[in-house]
Amino acid sequence: MSIYSKFTINDVLLNKESLQKKNKYTCPICFELIYKKSIYQCSSGHYACQECWEKSLEIKQECMICRCKVKSFKNLSRCLVIEQNFSKKECNCIYSFHLDYFIDGANQENEDEENEDEENEDDEDENEDEENGEDDEDKDEDEENENENEENKDEENEKRKLIKDEENGCKEIINVDQLDRHIQNCKFKFVKCSHIGCDRVLRLNSLKEHENQCGFKLVKCEYCACDGIIQVQLENHYDECPKFVIGCPQGCLNFFERDQIKSHIENDCNNSTIQCKYYEYGCKVEMKRSELQRHLENVNHQLFMGKLIDKLSSTLDQSMKIQELLLKEIEKSKITCSELQRKNDELSSLITEIDDNYFNKNDFINSWKLTSQGYTNKWIISNYSNLVENTPHPEYIYSPSFDIVSREFVISIYPNGSLTGKDHLSLFLHNNNEDPNKLEFTLELVNLLDKSKSITRKGLEVFEEIERKGWSKFLASKLINKKNGWLSDDDKLTINIYVKILYDDIEPLES
């Protein structure tokens with residue numbers, strides 16, 4: 001049985017000649033070693049591999065050796081002693097051999113696959129020949145060719161010999177039952193370099209060193225910081241790298257980064273050919289930049305300078321005219337800006353006036369609503385239970401004040417009763433104004449569990465200046481709790497408020 005690609009247990013087993021002579025660990029039917037085979041025995045102790053037993057019992061229900069009756073495979077017993085003893089035999093690791101054997105084996109496997117394909121094609125041809133009624137002589141020739149191919153394979157397998165890699169191979173001796181796990185973890189296994197383009201195959205324990213030096217590893221350019229460059233192509237990259245330092249191609253002996261060379265040649269290099277500064281005005285001489293100063297000193301450029309002065313004067317005149325036009329446009333813009341600012345101020349004043357009228361109108365509407373419909377709100381008192389404990393009879397607390405048409409009012413509550421209402425909740429409406437007011441008012445203690453049980457008290461009174469009116473015995477204090485519905489789960493008491501200012505009827509005009 002194959003343990004890795006083309007390898008068999010015979011390739012790595014130690015003392016295999018001795019084991020084969022004893023025939024103790026070989027199936028007596030198929031003559032294969034019992035590596036990774038399930039071994040079963042008859043009642044007389046004769047054993048063979050599971051595959052051989054199954055094939056034999058399909059033909060005859062008897063032992064292949066002693067001929068004792070075996071009705072079915074279920075009548076056999078597992079021969080664990082033989083299996084366990086063989087699993088403890090020693091063997092070499094497959095990676096103790098040279099790489100050449102792995103490569104040759106891989107090539108041989110490819111050849112075997114090709115031969116199988118050819119055989120399949122031959123079989124198809126044979127079927128076609130039979131259908132077409134060809135002679136049996138062609139079949140005999142094909143069979144002879146197949147036999148020759150098999151003989152050639154056997155000869156090639158005999159020629160292939162495993163050669164130990166004494167210097168770099170795995171030297172560990174392991175038990176048969178540990179072979180698969182060792183192969184998976186062996187540090188001497190053959191692996192391929194992970195870098196794309198590198199076909200190098202080497203042992204795992206030398207992979208890291210190789211990959212650090214591999215010509216196909218990706219590196220970063222030290223000049224332009226470009227990454228993802230293959231090591232062997234780095235020199236080619238330097239030929240194009242914009243930050244690689246090179247000498248001036250015009251031989252001025254200065255060095256610059258490649259992307260700065262163009263600017264150097266156009267603006268600074270003494271060996272660059274340039275035109276005389278008066279070239280546009282008639283001096284058509286070209287020279288190296290280093291010779292410009294000597295040219296200017298040795299050649300009379302007065303005529304050319306005169307042309308330059310004339311051109312500059314003309315340009316200056318045009319600039320002055322443009323400046324005058326721009327100044328006029330600026331003055332026009334200033335006038336326009338002033339006019340726009342004035343209109344903006346007018347609009348701002350108009351907007352302010354509209355806003356004032358709007359708010360005055362809203363105030364009037366709100367005052368009218370309060371006058372005609374009355375003031376409606378609610379007073380929610382938090383932590384009422386603590387308030388009862390901390391406000392003894394006859395102390396009280398005030399609600400936040402509220403205004404009705406510029407008149408101030410407030411509600412007072414006595415949790416434990418006023419002077420005349422001990423052990424009761426007392427509620428009063430206070431007129432905090434110096435003028436008397438005729439008021440229609442309602443105070444309602446809200447029952448949160450059943451709104452129909454809410455207690456409402458109504459009054460129609462004339463309040464003199466700084467006076468209160470209300471009820472000293474609104475509800476017994478001991479009844480106000482969560483169970484009865486007067487307090488919420490978070491201990492809040494709610495009082496609804498309604499107050500309306502009443503005015504005397506206007507008397508008719510008489511004459």
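Any Cβ shown, glycine's included, is placed from N, Cα and C.
Taken from Swiss-Prot, the feature zinc finger applies to 27-67, 181-234, 236-293. What Swiss-Prot lists as region 'Disordered' is 107-159. According to Swiss-Prot, the compositional bias 'Acidic residues' annotation covers 109-155. Summarising the annotation, Swiss-Prot assigns domain 'MATH' to 374-499.
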TODO: Go through the chain and flag residues at least 6 beyond the ends of the zinc finger (27-67) whose CB is under 8 A from any CB in it; none is fine as an answer.
DONE: 1, 3, 9-10, 13, 19, 73, 75-79, 82-83, 86, 176
TODO: Calculate the per-residue pLDDT averaged over the zinc finger (236-293) and state the result as an integer.
DONE: 92
Open item on the list: Quick check on the zinc finger (27-67): DSSP residue counts for helix, strand, coil, in that order please.
Closed with: 10 helix, 8 strand, 23 coil
Task: the zinc finger (181-234), counted residue by residue under DSSP: helix, strand, coil - done: 19 helix, 10 strand, 25 coil
